[in-house]
Every structure is written in C-alpha cells, then in structure tokens.
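First up is the structure itself, then whatever we jot down about it.
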Amino acid sequence: MEDGPVNLREFQELAKRNLPKMYYDYFSGGAEDQFTLRENVEAFQRIMLRPRILVDVSKIDMSTTLLGYNMSSPILVAPTGSQQLAHPQGELATARAAAACNAIMVLSFASNYSLEDVASTCNAVRFYQLYVCSGFLNKLFGPLFDTFCLRFHCFITCSFEQFLQVFKRRDVSATLLQRAERNGYKAIVVTVDTPRLGRREADEKNKMIIPRNSNLEGLISVDADLTGGSKLEAYASETLDPSLSWKDIEWLKSITKLPIILKGIITAEDARKAVDAGVSGIVVSNHGGRQLDYTPPTISVLEEVVKAVSGAVPVLLDGGVRRGTDVFKALALGAKAVMIGRPVVYGLAANGEHGVRSVIKMLQNELELTMALAGCPTLRDITRNHVMINHERPRSLL
Ligand SMILES: Cc1cc2nc3c(=O)[nH]c(=O)nc-3n(C[C@H](O)[C@H](O)[C@H](O)COP(=O)(O)O)c2cc1C
Ligand SMILES: CC(C)CC(=O)C(=O)O
C-alpha cells in the first residue's frame with residue numbers, strides 16, 4: 001500500500017492525480033500572472049523564527065476563541081466554492097471533518113450543498129460567507145417580474161432602475177442571511193475583494209463549467225450556458241454586485257443580529273474604515289491570489305492591518321498557509337487565527353472527509369510542534385520577538 005502524504009504539499013500532488021485537469025486548474029489557479037498566488041506561499045519562507053530555549057513545553061495548549069466560540073486551534077476552514085468538483089460529498093464532508101477537528105468552517109456562498117444540508121450534517125460552530133448579489137428574486141416575483149423589467153426597461157428612468165437594482169440585490173442577500181441565521185450559522189463573512197471575478201486564464205482556456213449552487217435555486221436565474229470562455233466568469237458576472245460599497249455594510253448590519261466579518265482587506269486604510277463601520281472582525285486576504293494579481297502577499301501586510309486595528313477587532317489571515325510554522329508566523333505578527341483554502345480542497349479530492357480531517361490535523365500537529373520547539377506553551381506566549389522578517393535578518397544572510 002502506498003504511504004499517505006506527510007505534509008500539505010503532498011496532498012496537492014494527490015489531488016492533482018485524482019482530479020480532471022479542468023477541476024484541478026480551477027482549484028489551484030490564480031489570476032493572470034499568478035504572481036500573488038506564488039508570493040503568498042513564498043513570503044512565509046522569507047520569515048525566520050527566533051525560538052526561546054529552556055521553557056517548560058511539556059504541555060502545549062493551542063486552544064483559543066473567536067467571537068466567543070472555542071476552537072481547538074487557531075485554524076479555520078476558508079470558504080471555497082464548488083467543493084463537489086473535488087468530491088461527491090463536497091461541503092458535507094468538509095463540514096464533518098472540520099467538526100471532528102473542532103475547527104470552524106466558513107461555508108462558501110458558492111457551495112454545492114445548501115446551507116441547510118450543511119447545517120444538518122453535524123453539530124459544530126460554522127460561519128456563512130456572503131457575496132452580496134445582483135440578480136432577480138425569482139422566488140417571489142417569478143417570470144412576471146423579469147418580463148416587467150425587460151418590457152419597460154427603455155421607459156424606466158435611471159433612478160428607478162437604480163432603485164430596482166438595489167431592491168433585487170438586497171432581497172436575495174437578505175434571504176440568504178435569514179437562512180443562515182435560522183440554520184445556526186454564528187457569523188457572516190462578507191467577501192469584499194470580488195466586485196468582479198479576477199481573470200483566471202486556465203479557467204478561460206478550459207471553458208470551466210461549474211455545478212449548481214443550491215443556495216441560489218429559486219432566487220437568482222443564472223445563465224451559465226453562455227458560449228465561449230469560463231462559465232465561472234459568466235456565473236460571477238450574473239451574481240456578484242459590483243456596486244457594493246461601505247454603505248451596504250451599514251445596511252447588512254441593520255438586517256442581521258449576527259456579527260459581520262469582512263474578508264479581503266489588505267490595507268491599513270480599509271482596516272480602519274472597517275472598524276469605523278462596526279464590523280466584528282477582518283480577514284487579511286487577497287482571495288488566495290485569485291482576484292487582483294500583484295497585490296502583496298497577505299503575510300507581508302498583516303502587521304500594517306493589525307496596527308491600524310489596534311486590538312478593536314480580531315484580525316485573521318489567509319493565503320499561502322501550508323505549514324504549522326506559517327500559522328506560528330501569522331500569530332507572531334498579530335493574527336488571531338488563520339484560514340486555509342486550497343489545502344482543504346486538496347484533502348477532499350485526495351480522500352474525502354478523511355482527507356480533510358488529515359489536512360487539518362496535520363497542520364494542527366505541526367503548529368503544536370513548532371510551539372514546543374519555539375518555547376511557547378500557549379498561543380499567548382507567541383510574540384513579535386519570535387519572528388524575524390527579511391530586513392531584520394542577520395547580516396550573514398544578506
Ligand atoms: C477553489 C477556490 C474557491 C474559492 N471560493 C471562494 C468563495 O466562494 N468565497 C470566498 O470568499 N473565497 C473563496 N476563495 C478564497 C478562499 O476563501 C481563501 O481566501 C484562499 O483560498 C486562501 O488562500 P489559500 O488557498 O492559499 O489557503 C476560494 C479559493 C479557492 C482556491
Ligand atoms: C463563485 C466564485 C466567485 C467563487 C470564488 O470566489 C472563487 O472561485 O475564487
């Protein structure tokens with residue numbers, strides 16, 4: 001029998017072997033030159049550790065809390081869409097695996113299983129990721145509404161048209177929020193780096209097709225049958241609302257009791273605006289290098305964001321986390337926790353629920369060992385002094 005993977009990178013190799021090229025390219029790929037995709041990983045490799053010795057590390061405690069919820073480690077599952085392309089059990093398998101590891105899963109807006117199905121598959125703390133949508137609320141108005149809009153399109157004044165846009169979009173998002181609340185999701189993660197889809201050239205070449213998004217059934221009519229190019233692009237341009245702005249965050253806050261976390265902030269300026277807008281958390285993320293290429297690797301801007309926020313809300317990071325040492329580095333630079341995207345999908349493609357569980361456990365075990373070797377028995381013991389970033393490295397290495 002073949003030996004199993006010994007690190008997260010080997011899960012990627014297994015996933016590549018198991019998946020059709022189109023799906024593997026979708027999961028692994030980034031935008032345009034894929035500079036940010038590569039840098040997310042490589043930037044971690046430019047940070048060195050400064051371990052402290054002769055600390056009693058006979059017991060290591062990785063447990064922590066986020067928004068008052070307990071987690072066995074500071075590792076969450078990032079929202080990734082279309083998980084059924086990796087495994088037939090898709091998000092159900094991921095949810096069960098995350099629950100078994102006491103890790104919070106953020107369910108993607110673009111999930112294949114509905115948020116109700118995922119909620120009922122196991123009992124665990126779970127967040128829901130929202131893209132604020134544009135599109136028709138077919139369930140309430142049906143084809144009549146579509147026809148009305150089309151027929152009178154030429155006669156409608158600009159401001160009325162704008163009113164309709166806001167009305168349509170808000171109802172779909174509000175419906176999704178209510179469903180998330182009813183089904184016990186504990187926070188809403190609003191992704192703010194995707195007013196439009198980044199250009200993923202492999203998806204274009206492959207004419208990427210996507211499976212159905214159960215959450216939107218009856219809510220948005222998505223015509224993903226457009227010929228040529230990536231169907232994902234067609235799907236995204238019919239669902240994502242490019243007019244989303246800070247005032248919509250106020251509106252979202254007014255229609256849900258759940259805490260709102262903004263995902264996709266990479267500057268101090270926006271971090272301060274997010275705190276002023278009253279959000280409950282921030283995820284430093286560049287969408288795993290899939291949106292705007294040539295944005296900096298997330299680990300390189302984490303400190304800037306953490307300083308700007310100055311403890312007002314928890315700051316999370318995702319992008320390129322592949323080792324326990326990466327988690328440690330992010331925590332040393334001020335993150336409350338990290339999220340992992342692709343490694344979870346690779347685990348799913350390699351071996352379903354069991355594969356995802358192995359990925360999360362492997363990263364947790366690596367973090368535990370790192371803490372022991374660095375002289376940090378608890379997460380509170382990890383400080384800025386435990387890492388050295390590029391310009392702080394010893395002269396001998398320059
Ligand atoms: C295949 C794939 C699908 C994704 N789908 C979503 C999504 O639906 N919503 C979202 O907010 N982010 C999505 N992301 C971005 C992730 O949440 C996360 O930011 C990113 O994967 C982190 O980088 P990593 O893959 O290097 O861990 C997706 C990422 C991948 C790789
Ligand atoms: C439906 C998409 C916008 C999913 C996504 O966020 C991604 O593929 O990166």
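Any Cβ shown, glycine's included, is placed from N, Cα and C.
Predicted automatically and left uncurated, TrEMBL annotations should be read as such.
Counting only same-chain residues six or more apart in sequence, the Cβ atoms lying under 8 angstroms from the Cβ of His287 (active site, proton acceptor) belong to Thr191, Asp193, Thr194, Gly198, Gly264, Gly319. Among the features that TrEMBL reports, active site, proton acceptor is placed at His287.
Here TrEMBL flags Tyr26, Tyr131, Arg200, Lys263, His287, Arg290 as glyoxylate binding site. According to DSSP, Lys263 (glyoxylate binding site) is assigned to a strand segment.
Other C-beta atoms found within 10 angstroms of the C-beta of Ser285 (FMN binding site) number 26, with every protein chain shown included. Annotated FMN binding site per TrEMBL: Pro79, Thr80, Gly81, Ser108, Gln129, Thr191, Ser285, Asp318, Gly319, Gly320, Val321, Arg322, Gly341, Arg342, in sequence order.
Taken together, the residues in the domain 'FMN hydroxy acid dehydrogenase' (1-392) have a mean pLDDT of 91 on the 0 to 100 scale. Per TrEMBL, domain 'FMN hydroxy acid dehydrogenase' is recorded for 1-392.
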Inset, instruction - In three-state terms from DSSP, label Tyr26 (glyoxylate binding site) for me. - result: helix
Inset, instruction - Find the one among the binding-site residues Pro79, Gly81, Gly341 whose C-alpha lies closest to that of Lys263 (glyoxylate binding site). - result: Pro79
Inset, instruction - Could you tell me which of the binding-site residues Tyr26, Pro79, Gly81, Gln129, Arg290, Gly319 have their C-beta within a distance under 6 angstroms of some atom of ligand 2? - result: Gly81, Arg290
Inset, instruction - Measure from each Cβ of the binding-site residues Pro79, Gln129, Arg200, Gly319 to the atoms of ligand 1 and list the residues where some distance is under 6 Å. - result: Pro79, Gln129, Gly319
Legend entry - Same-chain residues at least 6 apart in sequence whose Cβ lies under 8 Å from Gly81 (FMN binding site): Ser108, Phe109, Ala110, Ser111, Ile210, Asn213
Legend entry - Closest of Gln129, Val321, Gly341 to Tyr26 (glyoxylate binding site), Cα positions, binding-site residues only: Gly341
